[in-house]
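Trainee: Next up is a structure, given as structure tokens.
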Amino acid sequence: MSSATPSAPEASAGLLSRVKTIPSVGPVLVLLAFCLVFAVTNPRFLAPHNLSIILQQTIVVGTLAIGQTLVILTAGIDLAVGAICVLGTIVAGKLVNLGYDPMLSMLFAVVLCTLSGLVAGTLVSRLDLPPFIVTLGTLGILTAALRLISQGGAFPVQDSFLGLTGNTFRVGSFVLTYGVLAMLLLYAAAWYLLNETRWGRHVYAIGNNPEAARLVGIPVRRHLLQVYALAGLIYGITAWLALGRIPNADPNALQTANLDSITAVVIGGTSLFGGRGGLVGTLIGALIVGVLRNGLTLAGIDPLWQDLVTGILVILAVAFDQLSRRRR
Amino acid sequence: MSVLAAPEAKAAPVRNVLEARGIVKSYGHVVALDGVDFELRAGEILAVVGDNGAGKSTLIKTLTGAVVPDSGEILLDGEPVHFKGPLDARHRGIETVYQDLAVAPALDIPSNLFLGRELLSPGLLGSLFRRLDKRRMRDEAERAMAELKFRLPSIASRVENLSGGQRQGVAVARAAVFARKLVIMDEPTAALGVRETGQVLELIRTIRDRGLPVVLISHNMPNVFDLADRIFIMRLGRRAAVVSPKSHSMADVVAIMTGAVKADGG
């Protein structure tokens, strides 16, 4: 084209460097790349019906990943995400099946999940135990306890309130559930908390430099406790969304929730070393995990391969984080 | 809040902003402070020097509230104070800068400047929704840095993209912005190179010239002589002397510090 000016490369370099400073560009490109591959290999992938399913399949991991993001931002890690969520589904399901009021049962389950987070947070913040060990222990304890309570087996939960978030509505040719809406609302609320309030700013500060945070008078221990409790609350709410997805309480469910939620957070650009990243990236990361699992299922690939690919993905994302950290 | 705390009036030349009398602190039977008198005058930079174990850091900790003395009294603007913790001292207008860079590297300059004291939006947005007033924090950070004549790249830079001197400059500016009475600097340049140290020393001088008195703890004699109006020398948990850099040489100060020369109390 004759209208090309000498300033064109300069302008594009400026644009490129500006684009690079937007933290979620990398994850978006990864998401688009996966979509492209799956769309080319299977025309059904891009059908509104399938895209709606991907969104619905993302609800549980996507919502759990909000709590996981909060914890990882403080330079912690939560290996009990799935277990606490399953605690919520089993307790709520059990109580409703025993004839208790569904709303109160769900509320009680959510409170219990919050308390689990609070206990983990207490151990991390007061006794300075490594989050990795505390939440790994919580995972073991809860998994065993829930299998004991439910005598090892899954049981159906048929209740209109507990299944409420599974109700659908149409947007054009897309079929969405209230669970999808709830997930997006939780993302919006948590984003506001993290980016626009003092509380969120202090989460970043603690993950960045806990000593500096303490010196400027931020109550670091209390803040950590609140982060773990809030994460527990989010896992409890996720239990309700999970019952809307599948009306079944299963002590053996969500076994890949740790892998998936951590992958979503890390591939979304949040650093495992704390203090960097955010929820926009996590949402995209959760969609990447959802797209990957859906695309591989559509291609007729054994679910075990999905775990394998997700495992590779999380290691790649962490390696990338580590390399960019070394450059800093 | 004004951007920088209002400088104290320079009316009385020997007004003591901070005063300590007969401070004693012992750990078991180790006496760290053995009846120390201390005074910081309005508008001065007072350097505190002493060999390792002379009691410098214990003295500073009693002044910042990190350590409660066994006996003795502390007066702030002539008024007795009893600090129960560092936050107490901060609430009374005493800010401290530490040797290690007390900043959050991934946050930008305004976030670091206002860390722990973030400004909230006016009205319901602030009171109910707890919304940060990022714009006002940025404007005030920019103004504070301009007033302190401290040159930085864009105010929106993340602190990790700054040089070590600029980072410490942010920590020093934070103390200067919020200190109403005085700033205590504990080896503020120990982690910095020569050129970067120069930037921070210049900043400390600007703070003093704006009327905020500074207590400077340093091992670096050239820096002390470059900056200080008076030098407070400690030895074996006591005040060995307070001298002027104009009347005494570095050799004199080192001699008093090490006990080679007895000075008369100062």
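Even glycines carry a Cβ here, placed using N, Cα and C.
Any TrEMBL annotation is an automated prediction that lacks curation.
The feature transmembrane segment is assigned by TrEMBL to A:22-41, A:79-96, A:103-123, A:129-150, A:171-194, A:225-243, A:264-292.
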Trainee: Of the listed stretches (A:22-41, A:129-150, A:171-194, A:225-243), which one yields the highest count of Cβ-Cβ distances below 8 Å with the transmembrane segment (A:264-292)?
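Mentor: It is A:22-41, which has the most Cβ pairs under 8 Å.
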Trainee: Excluding the flanking five residues on each side, which residues at least 6 beyond the ends of the transmembrane segment (A:129-150) place their CB within less than 8 Å of a CB in that stretch?
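Mentor: Answer is 71, 76-80, 82-84, 86-87, 90, 94, 116, 119-120, 123, 249, 251-252, 258.
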Trainee: Any contact between the transmembrane segment (A:171-194) and the transmembrane segment (A:103-123)? By contact I mean 3+ C-beta pairs closer than 8 Å, pairs at least 6 apart along the chain.
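Mentor: No, since the transmembrane segment (A:171-194) and the transmembrane segment (A:103-123) share fewer than 3 Cβ pairs closer than 8 Å, they do not count as touching.
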Trainee: Mind checking which residues of the chain, 6+ beyond the ends of the transmembrane segment (A:79-96), have their Cβ under 8 Å from one of its Cβ atoms?
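Mentor: Distant contacts of the transmembrane segment (A:79-96): 60, 64, 67-68, 102, 104-106, 108-110, 112-113, 116-117, 120, 132, 135-136, 138-139, 142-143, 146, 149-150, 155, 157, 159, 162, 231-232, 235-236, 238-240, 242-243, 249-251, 253-258, 261.
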